[in-house]
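**Student:** So Swiss-Prot lists the following for this protein:
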{"type": "ACT_SITE", "residues": "Asp141", "note": "active site, proton acceptor"}
{"type": "BINDING", "residues": "Leu24, Gly25, Ala26, Gly27, Leu28, Tyr29, Ser30, Val31, Val32, Lys47", "note": "ATP binding site"}
{"type": "COMPBIAS", "residues": "338-370", "note": "compositional bias 'Basic and acidic residues'"}
{"type": "COMPBIAS", "residues": "379-389", "note": "compositional bias 'Basic and acidic residues'"}
{"type": "DOMAIN", "residues": "18-279", "note": "domain 'Protein kinase'"}
{"type": "MOD_RES", "residues": "Thr179", "note": "phosphothreonine"}
{"type": "REGION", "residues": "279-322", "note": "region 'Autoinhibitory domain'"}
{"type": "REGION", "residues": "301-323", "note": "region 'Calmodulin-binding'"}
{"type": "REGION", "residues": "336-404", "note": "region 'Disordered'"}
Amino acid sequence: MASQVQPGQKPKVQPCRYKTGKTLGAGLYSVVKECVHIDTGQYYAAKVINKRLMVGREHMVRNEIAILKQVSTGHQNILTLVDYFETMNNLYLVTDLALGGELFDRICRKGSYYESDAADLVRAILSAVAYLHDHGIVHRDLKPENLLFRTPEDNADLLIADFGLSRIMDEEQLHVLTTTCGTPGYMAPEIFDKSGHGKPVDIWAIGLITYFMLCGYTPFDRETNLEEVQAIATANFSFTPVEYWRGVSQEARDFIKRCLTVNPKKRMTAHQALQHPWINPPYDTTDDLGSGEDLLPNIKKNFNARRTLHKAIDTVRAINKLRENGGLMMDGIMSVDPKPEHVNGSEVVEDRTTPRERENEDAMEIDSRSNARGQTEQQIREQERKVKETVAGLWSRTAPRSER
């Protein structure tokens, strides 16, 4: 049973009632672990948030608790909050255990994947978003990583998770939110120009997710951040390369276009989207959508290349965070600096570069926008090689200089 907390009031500090197990996922400020209630033996997922790393951001956690308390038991496609409390060092959000994995990991493990499968998944997302909007809640951070399956079964519920950036708002306050929030590639145009935003930002994100679900890459990938923002601001996208979209129906493309409408007032609402012919066809279109073409081969190729790069990006961000916090502190123990390494062909070998030479190397940067759109197999292998080389050299750049 969750601790009773009034709005704006901190959870009571108390001993942890759960024993944590294997790690299910991790971010910059938190880690999600499997846990078991010490008294009942029931298994859950615990989002463990380091209070020291969240200094100045505590409101995000309080907000997530408030949102989940209000909606988590009212819809089958929203993750259920079971408990919340804090210990001396951590904040805990305990939810039902979603064992089915993330959306795209699950898709890539399937033997086949058709447009009708995508429509079914988007319908479930829309149903949950319509429920949130009916309760005056804007999620503001919808993306594939925040969509989890309840169980590994084929008919498992798809769940919306991570309400840290969500907001509760009255109907007359529909467009008063002005803070920049969310994941840049999934932000709506009105978030960037800070003209005020509300429920339509979730529909924009659903359009992006749908596009991604049909090809394995995102529509606004550009060479620079500025070009990406400009493309989002004008909804400058296309259904290309043609070979990845040849098997996708016009109904699906129209649905995406109506979600990715620049003017939020002209964008579909969640309830309107649920009535779109692609989501709610007038007849059984299972055999018609995309002419029954299996979309999985192209999606796996594009998504796996994108995932390889983003794993490296997450590593860079995590290590940069460790730098900010004064060294390689892991679970309260100073990590021993491993031998520096680099990639020679396909082998990781000891790096004999001197500390002075390493100091003069260029700063490490990885472009987070790349998503392998339309890459050849050779280009993908080259990208993976570069990522491996970058990750292998990370540790040699993170140890305090006094230790080198």
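Placement of Cβ uses the backbone N, Cα and C atoms for every residue, glycine included.
Not measured: the values here are computed from a predicted model.
Are these features on the surface or tucked inside, and what touches them?
**Tutor:** Look at Asp141 (active site, proton acceptor): DSSP puts it in coil.
DSSP gives Leu24 (ATP binding site) a strand state. Around the Cβ of Leu24 (ATP binding site), a 10 Å sphere holds 18 further Cβ atoms from the protein chains shown.
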**Student:** How many Å lie between the Cα of Leu24 (ATP binding site) and the Cα of Asp141 (active site, proton acceptor)?
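**Tutor:** Roughly 20 Å, rounded to the nearest whole number.
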**Student:** Take the region 'Autoinhibitory domain' (279-322) and average the pLDDT across it for me.
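**Tutor:** Average per-residue pLDDT within the region 'Autoinhibitory domain' (279-322): 69.
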